[in-house]
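Feature annotations, reproduced from Swiss-Prot:
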- Cys217: active site, glycyl thioester intermediate (ACT_SITE)
- 58-82: ATP binding site (BINDING)
Amino acid sequence: MSVHSPNPGLILQSKRFNGLRNILEREGPFCKDGFAASSENLEFLQTKCQVLIIGAGGLGCELLKDLALMGFGNLHVIDMDTIELSNLNRQFLFRRTDIGASKAECAARFINARVPTCRVTPHFKKIQDFDESFYQQFHLVVCGLDSIVARRWINGMLLSMLRYEEDGTIDTSSIVPMIDGGTEGFKGNARVILPGFTACIECTLDLFPPQVNYPLCTIANTPRLPEHCIEYVKIIQWEKQNPFGVPLDGDDPQHIGWIYERALERSNEFNITGVTYRLVQGVVKHIIPAVASTNAAIAAACALEVFKLATSCYDSMANYLNFNDLDGIYTYTYEAEKSENCLACSNTPQPLPIEDPNTTTLEDVIKLLCDSPRFQLKSPALTTVMKDGKRRTLYMSGVKSIEEATRKNLTQSLGELGLHDGQQLTVTDATSPSAMTLQLKYQSNEVEMV
């Protein structure tokens, strides 16, 4: 009588989640109040819980791997980028043969082939390509982004999905928690955001450093830094000479070499030192230093918070983790507080202080909205309701015909435009899927209305 040996693959698969069963099927002294130990908890993770991962780069690859191996059976991943050679040292779900292909699709294909208990659905699109109904299907959203604009946009989307009871309280069933991770070199952070209850991205916007932009007049006429020389060659000389007949490719050594040589010539002309091949690569590609071990640590922290929120087995982090392993290991967790004046989650018009409406032009207001650490907008469009009840578009750059029609308003003062103290402006911008309301607050009482 022959005896068939058991399938080692099936045995391994049945034992894979024994560690999770120890957590989810029995209670302990650190369990969250109200946690019910049951086999249904693991079943929920494997069959019902849907998690959206935004970004399939260094953090995203780690998050996909972690969540797939933690029992999550239904993952979606969004990424609009394609794979570059420079990604391969840390984005381990990709191979050299994947260069030029979609990050989301390659990452999903790798996980689906390697982890049979998990199904990953890829979306090779921008997050802005999806509407509210798409995001409502998920129990949690976890972000591994390198863009502040994208963070602010998804933050605004999750806030716009909140529903309110008749007494003004939030319907908790409409909350989709967001777990956000970020890294730069040996530093990183992870945070838990419960929209409407905890501090959101906008509440702590001043924690993000403003993006460095070099004025065109400076890089063209009075360069002082090696970065100015590189930007000049990249923006002006490349466009004018088009040396290779194709768009600039930051991964092409010929392109980088050409920019390096021209930037070196310009730096010598203005007696500027410090132009190196590596610096040219960093400026051209906007490289943020990335260390694989930092990505792994932050992704693990994020994945743990996803697990705790999905199963309610332990209290989630409250709510911001700092991580630094530059000199040893340093971590610190604190509770970021909601801002009463938050542009996104306060639900009240926010004051926009104006020193003198007779000298402050609309262009000054737009510059304030773009440069202020509080706002950090990209290309705001402004509309308002005038005294006669008619809605008026003050300025909108996104539509050519409207931009041309409203361009003359830029040089007019707020008084000349007929905007009074306390008037509300509706502002839309690429940083948010929904409009924000600002209320003009004049410091000067005398306004000359034209």
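Any Cβ shown, glycine's included, is placed from N, Cα and C.
Classification of Thr82 (ATP binding site) by DSSP places it within a strand.
Summarising the environment of Thr82 (ATP binding site), the number of other Cβ atoms within 10 Å of its Cβ, over all protein chains shown, is 16.
In sequence order, Thr47, Lys48, Cys49, Gln50, Val51, Cys118, Arg119, Thr121 make up the list of same-chain residues 6 or more apart from Asn74 (ATP binding site) whose Cβ falls under 8 Å from its Cβ.
The binding-site residues under consideration are Glu62, Asp66. Their Cβ neighbour counts within 10 Å are lowest for Asp66. Summary: among the binding-site residues (Met70, Ile78), the fewest other C-beta atoms within 10 A of the C-beta are counted at Met70. Within 10 Å of the C-beta of Gly58 (ATP binding site) we count 25 further C-beta atoms, all protein chains included.
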